[in-house]
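Some features that TrEMBL has for this protein:
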TRANSMEM  21-41  transmembrane segment
TRANSMEM  61-80  transmembrane segment
TRANSMEM  92-114  transmembrane segment
TRANSMEM  162-182  transmembrane segment
TRANSMEM  212-232  transmembrane segment
TRANSMEM  244-265  transmembrane segment
TRANSMEM  271-290  transmembrane segment
TRANSMEM  302-318  transmembrane segment
TRANSMEM  362-385  transmembrane segment
TRANSMEM  397-417  transmembrane segment
TRANSMEM  429-448  transmembrane segment
TRANSMEM  460-480  transmembrane segment
REGION    615-640  region 'Disordered'
Amino acid sequence: MTTILNKNRPELRNWTVERRQVLFAKLTLAVGFFALAAGMWSAYQNPANGYELSIYAETPIAFWVTLVFALFVSAGLSLHPGLSPTLRTASVGLGVMVGMALVGLPLLRGYYFFGSGDSLTHLGWVKDIIAGRLDPLEFMYPASHLVAIFIGESAGISSRQAVMLMVFVYAIVPFIFVPMCMRQFTDRLWTIPVGLFCALMLLPVNNISVHLMSHPTTQAILLLPFVLYLLFRYMRLPVADEKPWARASAWGVALAFTTVGFVFVHPQQGVSLLLLFLTISTVGLVLTRLAPDHIARNHNPLYAQTLLLGALVLYWLPRHVRATGAFEAVISRLLTGRATPGDDIAHQSTSLLQVGGSIEELFIKIFLITAVMMVFAAAFVALSMRDWQLTSANDEAFSQYIAAAAFPLGALFLLYFLSGVTRQHYRQIGLIVMLVTVLGGVAIVYGADRLTQRFSTQTVAVGIGAVLVLFVLLSVPVYFASPYIYQPTQDVSQTELQGYDFAVSHGADYRYVGIRNGPGRSFDGLYGQIGGAAEDAPLRGSQVPTEVFNRGQLAQYYGDSRYLIVTTADIAREEGLWNGLRYTADGFESLDRQPGVNLVYSNGEVRSFLIAESATESSTERARETTQRSQTVRGSHSMG
């Protein structure tokens, strides 16, 4: 009877099919959430036990399997055109949870601290601010440190844990505000899910000069989508015809306060933001003058916010030697002809070849998806300017603003690159790529919309979902440094820091030296960067020259007593990852049998050797001369 009724009433049959689809979608979504929770639980139940060379390899496979499953569920349901907005929103929420699990992996795995370089120094500065040794108003970029202190004081946790939570908070900003930025361009069906998956690629994080750890440049770049959202939201307010003093709004005030905070996160990125604001203000002014009927006339100008941002940058930067020194170094190198653009790439290329890699391979792993998104963004801008029917007038204007900003931001990148000052240009790439993420995501939405004119909506949704998931999966291995990109994971174990602390507390008043960059960063994290033990000059050591270490000439090279710190991380990095590129296995093995070198402390991860003052002056001079000649011949090549 029911079968006959359904045959005679097709609308009831369609309702039954739709109901089954909805029930299946709900069940799949629930399974996705439970699977992700199970994967996160498996990661939590398998904490890091000592130093880990690769966070990816040491994380349980169950975490990765369930994460990939949840990613496919989120993509499939959030892009499904036949589901209700509630179900699609919940599916987007699952995708956000996937992103949170990824960027929070060091927290899930119970890492004692994450970030073995700059991050330890920033942890030390947090401790200095708490102890009153460092005035935030005299500090160049205090914002992220103050956020960490606020988290620590509010939650009642240590500075170390608070810094890691601060990194996590900044890292999830793009997952929320990249889609919301894109929504200011277009409100098409797939804007939010496409925006989320573009954000999940986390393309600005290149692990060259932008790292997913405590690093103010990174925190500023990750905060940029929030600033952009406020910017676009404010510009779209329907008050452009009001008098300037009548245009004040909650959005405008929020934008002003956020830009001020952005400068305090990192002034260098504040300069880039100022260039963006200046460009938008200039382009808007020109368009309203040359084309009175252009949509830019309806946009709120950014004059007030730009003036405020410019005044703050001009006031804040000259107060800090670190900022002015970097600027002077760039200008000096360019004017004096001492600039060596490309030297760092050449050195890295040589080092990669020696460990079995290549610069081309590394570029593909880190920048392939970024390059594809740049092509999407450039194509969208070009087509929107040529084809007036492709986009709305509002979308066209916003894309023109960002495209115009690419010129001054690109010029600044070129300035950094040509000067050859460290790796500043990679930081600039990070900020530019965040803009590309937004614009490239909008391009994908419009491209998908055009494809629905030739193919079914369901077919396009499946295709777009597959491509986005593929892009995310190719990007996830670059979230954190790992052997995949010829770098060690920035793990700092509890045993390692305890070993440093014990060695310092129970050692004599000698200088410390270490592998590569020496033990200075660990001392910063333990004692602070200012005052206390951190200012005790004998503690400040440097790296051991590679030739001295590899030839077993420590006692002959150093003319006075000092301590050599060797960690499990050093050995894993130098032997396991870089195959003795600089510090060889023979050098490590010889430590136990070198005359004048004695093991005085070991806790399993940290060994402290006393290099006794037993060498004669002549042998010391000969060792140093040999080292200097070898360094002159070989040059300096470094990984990481």
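Each position is counted from 1, following the chain as shown.
Just so you know, glycine gets a Cβ as well, placed from its N, Cα and C.
Worth saying up front: this structure is predicted, and the values here are computed from it rather than measured.
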* Asked: Is the transmembrane segment (460-480) close to the transmembrane segment (271-290), in the sense of at least 3 CB pairs under 8 angstroms with a sequence gap of 6 or more?
  -> no
* Asked: Between the stretches 61-80, 212-232, 362-385, 397-417, 460-480, which wins on the count of C-beta pairs under 8 angstroms to the transmembrane segment (162-182)?
  -> 212-232
* Would the transmembrane segment (460-480) and the transmembrane segment (21-41) count as touching if the test is at least 3 Cβ pairs under 8 Å, pairs 6 or more apart? -> no
